[in-house]
Ligand SMILES: NC(=O)C1=CN([C@@H]2O[C@H](COP(=O)(O)OP(=O)(O)OC[C@H]3O[C@@H](n4cnc5c(N)ncnc54)[C@H](OP(=O)(O)O)[C@@H]3O)[C@@H](O)[C@H]2O)[C@@H](O)CC1
Ligand SMILES: Nc1ncnc2c1ncn2[C@@H]1O[C@H](COP(=O)(O)OP(=O)(O)O)[C@@H](O)[C@H]1O
Ligand SMILES: [K+]
């Protein structure tokens, strides 16, 4: 079955290239029928017909490997169904892998025309280009010859593009556009067998368009998501795609034939679905958040964080500006309590969830050591992260918190992550999952690596790739809102009968923050407006941004 994945309505396991290759080998060994490539061709045919039912031309660009084989198989099937499919083959027919060679034979038998680029028909909006040039085997070396010609031609066309498995040139593990400007920008991508992390982070979303998935009938083997099926334990996901919180149970197929001693399915636990604001609770039940930031000229960042923490359902929010001449009141939100850190009581630090660094400037460094030592729950953002990056003693203090049972979340954007890792932004963006995991391990805390497809990594946990959000968030202050929102969700979550663990609550907060922006439906959402949209989510059930459930079928 072909199902639509984005917008992400539910969590889904993501498998990188190596995990997918292992899965493929196991599926082939289990000999599902029909063979995988025929199932892949059928899936491409089905989606192509759904997307372009009135196409006058369906042009399949087929590459030199098995991705090309999928395209050839689809062309054969489309032609047999009387559809106007033609193929441009960019590879030596004599050197195709065995399955692709068999699909080439079937395409020839079906009467598929093989065309030269000069014979390419003029394509319109109702037509379809199928990108079956490179998939999992695409390598980051300059494309040449017929392949380069096809990629250039594809980039110049106006017709919608359906990419098979991956947009050609997109790295399935990292979401890097490995072929630069020639990396295909698809309108739709049909992932086969597995969803690859690279479709959802870095440049992935811009290149993949709408993502669809067909598992090619291997679901029943229990290789993808069940803990144990007839073919043994499932292939552990490389990461999870974070989807809507509406679906409470993870996408687990029941183990078909559980054996004695089998472990329970290894899937991320979701927070309890309990309504957070039960009748007999009071403001003290929802915890306190203290926001420390807002150095001279940057008070707004701290105000945004404090407002977001309050919108998230924290019982009381203190705003502690670092600018001594700073405001004493947020007139739009008088419920925020402005109190310098020097006026904190011992209880403030013992009980509050502290959000530090938003607009903190250089002044945050002076208070950071105390916060790192005493705050039981700490969210570090922006200048707090820069201070930690610049000072080995602060880094050690952050790392030491975990062994004392003090939990921390850091929320770097790629440049802040690069400073913390001692590398450049390009290195972080080249492999966002790896960079976030490295940082989580180095600092012993949960990491939110922000940007398109934010990564949430925690030591010992399978990372999340956030499935919500758009560039409507690419505006000053939305990161401050996120830091406050995480702090507020953390604090309010303490009122739940079973508070979610740090990895889960961080992923939930990241998802709801970006989903709110997406649902606002504006091309750009200013940060203070984002807080107001979030306020409609924060006070209800934890993770209550419930979209409609269930996948769309095609
Ligand atoms: N695995 C699965 O689960 C399933 C896989 N299936 C399908 O198979 C696909 C994987 O097939 P694949 O392994 O044959 O790799 P593919 O992407 O066709 O590319 C390899 C060819 O491209 C060439 N090449 C690479 N980069 C290049 C460059 N920059 N410039 C020029 N040439 C370049 C490379 O040359 P080489 O590096 O070997 O010299 C080789 O000839 C997968 O994505 C899915 O569509 C489904 O059918 C069933 C389930
Ligand atoms: N193109 C995008 N797609 C999805 N989310 C984005 C995009 N651009 C920014 N964001 C989100 O917006 C927030 C921006 O944070 P940050 O860069 O720290 O901004 P600021 O420092 O101005 O508050 C992060 O949550 C980030 O993930
Ligand atoms: K492709």
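Glycine residues also receive a Cβ, built from the backbone N, Cα and C atoms like all the rest.
What TrEMBL says about a protein is an automatic prediction, not a curated fact.
Of all the Cβ atoms in the protein chains shown, 32 others lie within 10 Å of the Cβ of residue 70 ((6S)-NADPHX binding site). Summarising the annotation, TrEMBL assigns (6S)-NADPHX binding site to 66, 67, 68, 69, 70, 165, 301, 357, 413, 480.
The local packing around residue 67 (K(+) binding site), expressed as other Cβ atoms within 10 Å of its Cβ over all shown chains, amounts to 26. If you look up TrEMBL, you'll see 67, 131, 168 marked as K(+) binding site.
Annotated AMP binding site per TrEMBL: 450, 451, 452, 453, 454, 479, in sequence order. Under the three-state DSSP scheme, residue 453 (AMP binding site) falls in the coil class.
What TrEMBL records for 20-224 is domain 'YjeF N-terminal'.
Annotation comment: TrEMBL describes 266-541 as domain 'YjeF C-terminal'.
The region 'Disordered' annotation in TrEMBL covers 248-267.
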Listed binding-site residues adjacent to ligand 2, that is, members of 168, 413, 450, 452, 454 whose C-beta is under 6 A away: 413, 450, 452, 454
Structural state of residue 168 (K(+) binding site), classified by DSSP into three states: coil
Using Cα positions only, nearest of the binding-site residues to residue 301 ((6S)-NADPHX binding site) (131, 168, 451, 454, 479): 479
Sequence-distant neighbours of residue 68 ((6S)-NADPHX binding site) in its chain (C-beta under 8 A, six or more apart): 62, 89, 90, 91, 96, 100, 132, 133
Nearest recorded site to residue 67 (K(+) binding site) by CA-CA distance, among binding-site residues 450, 454, 479: 454
Long-range Cβ environment of residue 450 (AMP binding site), under 8 Å and at least 6 residues apart: 411, 412, 413, 414, 479, 482
